[in-house]
Amino acid sequence: MKFEDLLLEIGGFGRFQILILFILCLPRINLPMHFLLHNFLAATPSHHCAIPQQEVFVNLTMEEVLLISIPREPDGTFKSCEMFSQPQFHLLLNSSLQPENNSIIQHCQHGWVYDHSQFTSTISTEWDLVCEQRGLNQATATFFFIGVTIGAVLFGYLSDRFGRKAMLLLSLVCSVIFGMLSAASVSYSMLAITRTLTGVALSGVSLIVLPLGMEWVDIQHRTFSGILTSIFWSVGNMLLAMVAYLVREWHWLLVAVTGPCLLSIVCLWWVPESARWLIVNGRVKQAHRNLLRCARMNGRKDFAVSPEVRNSRSRHLRMATDKNSGESYSYISLFRTPVLRKISLCSGAVWFGVAFSYYGMSLNLTGFGLNMYLSQFVFGVIEIPAKMIVYVLVNRIGRRQSQAWALILTGLCIGANVIIPKSLTSLRSVVAIMGKGFSEAAFSTVFLYTSELYPTVLRQNGMGYTSFVARLGGALAPLVFLLDEVWRSLPEVTYCAVAVCCGSVAFLLPETLNVRLPESIEDVE
């Protein structure tokens with residue numbers, strides 16, 4: 001007896017499944033508020049070198065003090081990281097003059113002055129993570145994604161070993177603890193460590209929520225449940241824009257985005273352990289209790305009509321566990337057999353490309369000509385129709401084609417903005433929003449697609465491995481911005497090339513449209 005046959009008996013998509021999906025969507029809202037928090041947490045406002053003994057220039061306006069103290073960029077703006085070693089009073093007579101000797105230009109010697117009109121404080125202004133320290137600012141996002149990478153491996157194994165619900169609860173509790181510790185950071189080192197640990201904890205939430213929901217849903221509603229869950233990521237995207245707009249101080253911003261995890265912890269009480277996982281691991285009685293609970297809520301009271309039927313069903317459940325009992329699975333199992341090996345290598349490449357390009361766009365809010373709060377909100381809004389289109393496409397043309405073309409078109413949109421002149425702000429914004437839509441379509445598809453490729457006995461290991469590779473892409477994405485010192489367009493060219501290449505790899509994966517979820521390695525092979 002396949003698990004899908006049991007779902008038909010108890011109701012594969014009734015009130016029980018709807019309740020579970022909506023409860024699991026609560027932590028899903030919280031994820032982008034942390035994953036994309038770097039845009040606001042580490043925002044760098046306009047700044048210039050602090051000018052010593054400024055009281056000497058009492059007869060000059062602030063603009064004139066800057067004119068004689070700070071060199072200018074070719075576009076006329078004041079440089080952020082350099083100052084004159086001595087005041088250049090002759091510039092008051094002719095501001096277009098250039099200094100004759102570059103030796104009078106030096107790096108900032110007395111710190112920086114920041115524009116606080118948009119942000120009360122960020123980690124950039126708190127610890128002067130600008131100019132020579134700019135790399136540390138970008139590394140904050142990298143530290144977080146390194147934590148997510150470690151968490152993907154850790155929770156992928158633990159949730160297959162100890163259950164989906166227990167590990168989801170653990171990850172939520174740890175997210176609250178480390179998130180609050182991040183808000184209380186008194187040094188950059190403390191923030192880097194606590195954000196890394198927050199990434200480890202939140203990785204469990206990211207990894208477990210979708211499979212736990214899908215393992216309770218029948219084949220016909222599997223796509224719908226995957227898209228519904230991912231829509232709440234977009235809701236979190238939009239909420240982040242609003243929360244960041246209202247809370248301009250980085251300590252309280254961290255508190256604001258961490259607090260909702262407490263609600264998820266409370267609501268998780270009503271979510272049962274995956275019966276699919278319980279059966280595979282031989283815990284038949286608990287699985288039967290959860291199935292009975294599902295049947296009652298869905299109005300299928302005939303599921304437990306008599307002791308004889310219950311005993312017969314229990315024998316079927318035990319038979320379903322026989323071929324898996326005594327076997328131990330690990331990440332190595334993903335590469336032992338030919339078909340699984342091909343799936344793992346190709347899906348790993350696809351996940352890397354999806355995450356690398358997604359975070360490359362999402363962490364560059366100021367690069368497309370819109371206000372950063374508006375960019376964050378619009379990027380969240382555009383994801384919802386993208387997911388609706390994905391829902392239609394994955395059921396019409398299949399998972400493989402949808403995955404490949406969504407990622408390839410993401411890369412082409414990023415590449416197009418390299419060619420479009422910066423003066424065409426509206427066109428660049430439209431192309432960026434389209435690219436963000438394709439990028440989100442690729443992300444929505446890859447979560448659904450991957451959870452269908454791996455068998456139940458290895459599903460969380462498979463999701464853990466692919467999430468590990470994806471988070472490597474997420475960790476590298478913010479560092480690629482530093483390549484603009486080599487060539488201004490090199491970051492965008494890199495994102496474009498990786499997206500197109502990894503999208504092409506998706507054509508090598510098998511199609512899973514209307515195919516039963518595999519239970520064992522033999523089902524895949």
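Heads up, the Cβ atoms here are built off N, Cα and C, so glycines get one too.
What you are looking at is a predicted structure, and each value in this text was computed from that prediction instead of being measured.
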If you check TrEMBL, which stretch out of 192-212, 402-422, 423-443, 465-485 is marked transmembrane segment?
192-212
Do you know which of 1-19, 39-57, 343-361 TrEMBL annotates as transmembrane segment?
343-361
Can you name the far-off residues of the same chain, 6+ from the ends of the transmembrane segment (192-212), with a Cβ under 8 Å from a Cβ of it?
20, 24-25, 27-28, 30-31, 34-35, 139-140, 143-152, 154-156, 158-159, 164-165, 167-168, 170-172, 174-175, 177-179, 181-182, 185, 226, 229-230, 271, 274, 447-448, 451, 459-460, 463-464, 467, 471
Intrachain neighbours beyond the transmembrane segment (166-186), with Cβ under 8 angstroms and 6 or more residues off its ends:
27, 30, 34, 151, 155, 158-159, 194-195, 197-198, 200-205, 208-209, 212, 251-252, 254-255, 257-258, 261-262, 264-265, 268, 273
Close approaches to the transmembrane segment (139-159) from elsewhere in its chain (Cβ under 8 angstroms; 6 or more beyond its ends):
34-35, 38, 41-42, 123, 129, 167-168, 171, 191-192, 195-204, 206-208, 330-331, 359, 363, 460-465, 467-468, 470-472, 474-479
